[in-house]
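Swiss-Prot has this to say about the protein:
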DISULFID  CYS41-CYS58  disulfide bond
DISULFID  CYS46-CYS86  disulfide bond
DISULFID  CYS56-CYS82  disulfide bond
DISULFID  CYS59-CYS69  disulfide bond
SIGNAL    1-22  signal peptide
Amino acid sequence: MKSSHTTLICIIMLSLFALHECEKMEVKEIGRSSKIILPACMHETCSGGFSLKNDCWCCLRLKTKQARCWKEKEFPNAKELCFANCPPLE
């Protein structure tokens with residue numbers, strides 16, 4: 001048997017084991033594990049053009065972008081400002 005066949009068989013066996021474990025879970029456990037918790041603020045790219053550098057902190061719960069982002073150049077404590085001004089999750 002080729003090594004690619006062996007690898008494929010291993011992947012299938014692991015998948016079947018994972019599927020079997022999911023089958024044993026109760027509905028309550030699935031509901032709890034499927035919740036996605038987003039932070040109030042995220043480190044994002046605000047500079048124009050193509051940039052991979054995150055240069056500001058933005059609140060995900062405010063409506064307008066001007067009111068919700070703090071650039072690190074203008075505000076050295078942008079992270080603290082964001083978390084202080086962003087409303088908590090309900």
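Each residue, glycine too, has its Cβ placed from N, Cα and C.
According to DSSP, CYS86 (disulfide bond) is assigned to coil rather than to any helix or strand.
Comparing CYS59 (disulfide bond) with CYS41 (disulfide bond), their Cα atoms are 4 Å apart once rounded.
Separating the Cα atoms of CYS58 (disulfide bond) and CYS46 (disulfide bond) is a whole-number distance of 9 Å. CYS69 (disulfide bond) carries a strand DSSP state (E or B). DSSP assigns CYS58 (disulfide bond) to a strand in the three-state reduction.
Every protein chain shown contributes to the tally, and the Cβ of CYS59 (disulfide bond) ends up with 22 other Cβ atoms within 10 Å.
Sequence-distant contacts (6 or more apart, same chain, Cβ under 8 Å) of CYS46 (disulfide bond) comprise ASP55, CYS56, CYS58, CYS69, LYS71. A straight line from the CA of CYS41 (disulfide bond) to the CA of CYS82 (disulfide bond) spans 6 Å.
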